[in-house]
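Here's the structure, in structure tokens; my notes come after.
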Amino acid sequence: MPELPEVETALRGISPYLKNFTIEKVVVRQPKLRWAVSEELITLKNVKIVDLTRRAKYLIIHTEKGYIIGHLGMSGSVRIVPQNSAIDKHDHIDIVMNNGKLLRYNDPRRFGAWLWTENLDDFHLFLKLGPEPLSDEFNAEYLFKKSRQKSTALKTFLMDNAVVVGVGNIYANESLFICGIHPLKLAKNLTLNQCFSLVNTIKDVLRKAIIQGGTTLKDFLQPDGRPGYFAQELLVYGNKDKPCPKCGGKIESLIIGQRNSFFCPKCQKRG
């Protein structure tokens, strides 16, 4: 599933081809995604794009009339292609621009979404989101306060979008390993010092992943068709039974909150 670094990579890749250009039309070949494609988007024509931003794992395309909200789901990707490009099997949406290019959305599993709103402030999917992990609002004091009374496995806690958005499974695994904290540690047992370490590490891991263009394990591609190269930097994620890069012991895995978790039992003591 594309997480924050992958969505940020997508945003940076598509922005130069969309910002300050005009949408001529939107071609929807498959409207049945996680939620039906908004009717306002299907009928959108001759509207200028004034900005592109991101909130959590949502792409936000700002137009003169409102906002296109895109979510890549489990297997979605966006790319910029010439208007005469051949259509692949899972190319569900084209946003056709007045510069000879189009934004093409491909999604084999169709768990993504393309919606429309005229007001971001009360957009229903944004109302309960936590702070951005790279913002000043996400700090040790915030994490410490938020974790009190939470009898939840720490990795599950870090992946809760009401706590902090966009960390995701890969980056939670990597951050906990670097900090030497077991993924099953209860969130309420975090010390303030551990919160300082976790916050700084999460920010560092996410920034490095963005620089590398995200992580490609299966479906994700950057808008120019290249994979994300952070997969080559992964220390524990997907490395079950391989030697720990710190101690040489064997990396183990378990299921936490229905997600694969990878850790070193020697370097990440439970407690």
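Any Cβ shown, glycine's included, is placed from N, Cα and C.
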The annotated zinc finger range in Swiss-Prot, which must be one of 60-94, 235-269: 235-269
Spatial neighbours, same chain, of His90 (DNA binding site) - Cβ under 8 Å, 6+ residues apart: Asn106, Asp107, Pro108
Among Lys57, Arg109, Lys150, Arg259, the most crowded of the recorded positions [Cβ within 10 Å]: Lys57
Integer Å distance between the CA atoms belonging to Lys150 (DNA binding site) and Glu3 (active site, proton donor): 24
